[in-house]
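Everything on this sheet refers to the single structure shown next.
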């Protein structure tokens, strides 16, 4: 055999079998950076139709986690696929840089502003801290193979961006959507600031559940409303009963709300002589009366009379422990789902309470300070923290005989997303974007219908949120944030009449010096001494959701890279329906009257292999850095693309191992292609399609069909579909059939002969397509493959430096449907081959043959199938990987044959008695008959020193 080894076309390539991605990828990244890959893409696509995926900014604090990796890789895959589809698709990564988490990190080191540092110095420290965090995260994202304008990202703290955020506020005000009000807002006592809806998360909490009695001022007048039978009006005090889980809000109670159309009952609670308890009467919703009595442990009671809630309007009841009385008011928010049907109303501590309070002119009492402590003038509770005061309030109610019942109650309660601590509703002076003042809610709901939501359920989700959302509280009482750069009248608090002009002047200052320019500004510099005497600066800062929400203007509309185009796609986690998607929508409609995006695509959260949330305490956290250091970024990227990311996305060591296995299959397929292109020059060696061996044309046709499906999947953001089709192509169509069949021809045919060159032509065309399909997902590996491919593209042109600057390969072709050996023909041949393989395997197990090339088989088939098999002539044996394959026509199973899965096909398997060729390993009768070449067959002699064998079909 050694004498003939040099006559074989052995595969050879510099593309290694093992990826060693963790070591190789950083080297490739350096090359991408040194040779300005991103800039090369921009040059190549300049002037093409644009596709803009606008990056939702991650927060500049902490290391990136696996959810960040999922998000950034998804974006990168989509952008690279759009680039290959010919779009100019720039990617400008961004960061959210203001806000409390950064303040807290700076406070840990330097203390609160005003102590060791002035406010200005504190802001500078925040800026420096955020910049450092951006750099750390940036390196992590780059390591994932994400291409973008990393040298010039957008940061919400960039002076130009801060200026544009202020301009955005001006536009909102100009369009009459800005509102100043004293309203209850979500308030975190740890932050000392208002929270937006998106900053609130719900967790289970145990609260004191209390039923409280409010005693009627005019008992006879109240009882008269219930139409009791004469002489059966009952006896004892008359009280309306409320239920609440926030006893601390009782000092702010200013009414009891009932529903106008609900039926209410006057209940007589009978005297309990054994416990020295007098009789008394209670008012509750009729539907809930039994529940209330059961809860309070009242066994002896009966109903005295009924009335509608509307009949009780404005009847007055004594506050449980203060010396004033409160009215009964009507509210649509009152239900009979729980409680008593009579709702404790504190307009300073609840949105619905506030609305009812406005309607009835109730006092908006807020006895609680920003730190959650009752103000000094709060009777009975001054100086106590509200949550600690719950027990004190309960005791006070007991002392006043107003507590009907008390027990611990577990329920879902709003918490601060940063501190994970319970929050309160607290009325404070705040700035709002009004949802209804100028029709913003209705316009936003209309615009939602003009957007494509992927998955479709995203539309109903965000519609429900916009329909039900309160006014957007955009003001914060913080130090590190973009200022609400407005001037208000010192007495009336009205906006300055020249607000539009003043906003632009402030924005220009901030553009030069950053947000500190606002705090350093003397109002007289902008408006003159006379106006400055009457107007003052607003010292609140903007909600960071406003910062990121207006990037459709501050970034997309402003960066020259986008050429004035608006965003085609926003892509974030599904939690952003209540976050960035909504803040972007509301601000864009408020500013421009239209949605900021054409499509919104969401992905789910990452969970572990058992579906559990990632948690350090559980020990199931998968860090992107650990994966790239161990397996490489391409494995992580393939994992992302292989998942159905629209739902929860599972990751674990085992799941990543499966991705690594899939990666190896794809890599080995690519390596086979490259290794067998050894010695192939596309400029001189390409075979014309019509002259190619039929099976080679079939293989190129399979690639053409795969490419159509893959591009369609990429266009639909169906990355799971891309990887499935890619795996099917590599493992099934190529690995299990085509590549298996062509090894004999590729290795043993005459070097440079038609049989070999036809095969290499197919391999060349297929790998040209394959490397592009891979590029968006396995970017590093695609780049590696690209650099091992022939320098020429076969059209007189040299290959681009990078696969990412080109477009999908357009040189594929397939078999025509009217050809005898069309796709349907080869599909049937594969079925026959599969059936034969099963029988060969049995023959191997039974030791009839050693390997398939030792087999001589006869295929007994019906006339139709036999005719198809015979079209392959002597080349049928190459398809079946046997040394001999004969076809016989039969309608019944011959003696000694075996039935197969293919209808009408029976097969006889025998061991060949012919000698084995040392070169091709086929068992052929003429081995040993050719002088000078006694060890090989005649076919091999022809391929070594003759014209070379002729192959037409396989």
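Glycine too: its Cβ is placed from the backbone N, Cα and C atoms.
Database features (Swiss-Prot):
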{"type": "MOTIF", "residues": "58-68", "note": "motif ''HIGH' region'"}
{"type": "BINDING", "residues": "572", "note": "L-isoleucyl-5'-AMP binding site"}
{"type": "MOTIF", "residues": "613-617", "note": "motif ''KMSKS' region'"}
{"type": "BINDING", "residues": "616", "note": "ATP binding site"}
{"type": "BINDING", "residues": "917, 920, 937, 940", "note": "Zn(2+) binding site"}
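Structure coloured by features recorded in Swiss-Prot.
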residue	record	DSSP (3 states)
572	L-isoleucyl-5'-AMP binding site	strand
616	ATP binding site	coil
917	Zn(2+) binding site	coil
937	Zn(2+) binding site	coil
Quiz prompt | Env. residues of Zn(2+) site, Cβ within 8 Å of mean position of 917, 920, 937, 940 Cβ | solution = 748, 918, 919, 921, 922, 924, 927, 936, 938, 939, 941
Exercise. Helix, strand, coil: count each for the residues of the motif ''HIGH' region' (58-68), based on DSSP.
Key: 3 helix, 1 strand, 7 coil
Quiz item: Among the binding-site residues 917, 920, 937, 940, whose Cβ has the fewest other Cβ atoms within 10 Å?
Solution: 920
Exercise. Do me a favour and check the Cα-Cα span between residue 572 (L-isoleucyl-5'-AMP binding site) and residue 940 (Zn(2+) binding site); whole Å is fine.
Key: 60
Quiz item: Which whole-number value in Å describes the distance between the Cα atoms of residue 616 (ATP binding site) and residue 920 (Zn(2+) binding site)?
Solution: 58
Exercise. State which of the following binding-site residues has the fewest other Cβ atoms within 10 Å around its Cβ: 572, 616.
Key: 616
